[in-house]
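Just below is one structure, and these are the notes that go with it.
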Amino acid sequence: MFKIGNLELQSRLLLGTGKFENEDVQTEAIKASETNVLTFAVRRMNLYDKNLPNPLANINLKDFITFPNTASAKTAEEAIRIAEIAKHAGVCDMIKVEVIGDDETLLPDPFETYEACKVLLERGYIVCPYISNDVVLAKRLEDLGVHAVMPLASPIGTGRGINNQLNLSYIIKNSNVPVIVDAGIGSPKDACHAMELGADGILLNTAVSGAKDPVKMAEAMKLGIHAGRLSYEAGRIPVKYTAQASSPTEGLGFL
């Protein structure tokens, strides 16, 4: 259990709700993950256009912390407008600020992200910005007052795992707010790795929804994240460059 702002998260797995084959698979995967935080793109909801489908219609959102994101925003102004739509619809316990700066890599725009966070904090939101693994930006956003930072492991949807372990480690080490690794996680191994580095949680979607068996993968991710956290808390042995026997050398005098 950990907190973002005044919200208590029962699970360190935050699950995206898009791209599932159907509602039944989505529901079973959510159940298997044991998450209590669901994230979704506001633009995919029927919050401002009732003619659009509601991909969360079969989910009782009262059982979850709702974590909408501002996906599709390319400016701070657009991100703020999307956040306001979610808030007025009553599905915004906290907001993931996602402002894309490049259409090919889908990397976040640091300048627009910062400006959006500044305004949303002034308006009383629990703000969690999605960022690249920029150590300086993470600290500047923390100084601004964000409630968590969400550095990517690798570009959205690539499943490449952690591309820059050094920078991610710096962000985790220097942060006084929760660090949620977001984007690029492809397997439970990737999720476990991020948690072993000391991340507070993992946000993922495609790794589960795109798996051959999303329900099993949701459970695997849950277990991988749990194992990684336990490993971090237990403290791994230091890496050495010479072999060291695990058996005692006493009692070998008779040889």
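A Cβ is built for glycine as well, from the same backbone N, Cα and C atoms used for every other residue.
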Listed co-binder of 1-deoxy-D-xylulose 5-phosphate (same site as Ala183, Gly184, Asn205, Thr206, source Swiss-Prot) among Gly157, Gly198, Gly224, Gly228: Gly157
Count of other CB atoms lying within 10 Å of the CB belonging to Asn205 (1-deoxy-D-xylulose 5-phosphate binding site): 22
Three-state secondary structure, Thr206 (1-deoxy-D-xylulose 5-phosphate binding site) (per DSSP): helix
Residue among binding-site residues Gly157, Asn205, Thr206 with Cα closest to the Cα of Lys96 (active site, schiff-base intermediate with DXP): Asn205
1-deoxy-D-xylulose 5-phosphate site, defined by Gly157, Ala183, Gly184, Asn205, Thr206: further same-chain residues with Cβ within 8 Å of the Cβ centre: Gly16, Pro155, Ile156, Thr158, Gly159, Ile185, Leu204, Ala207
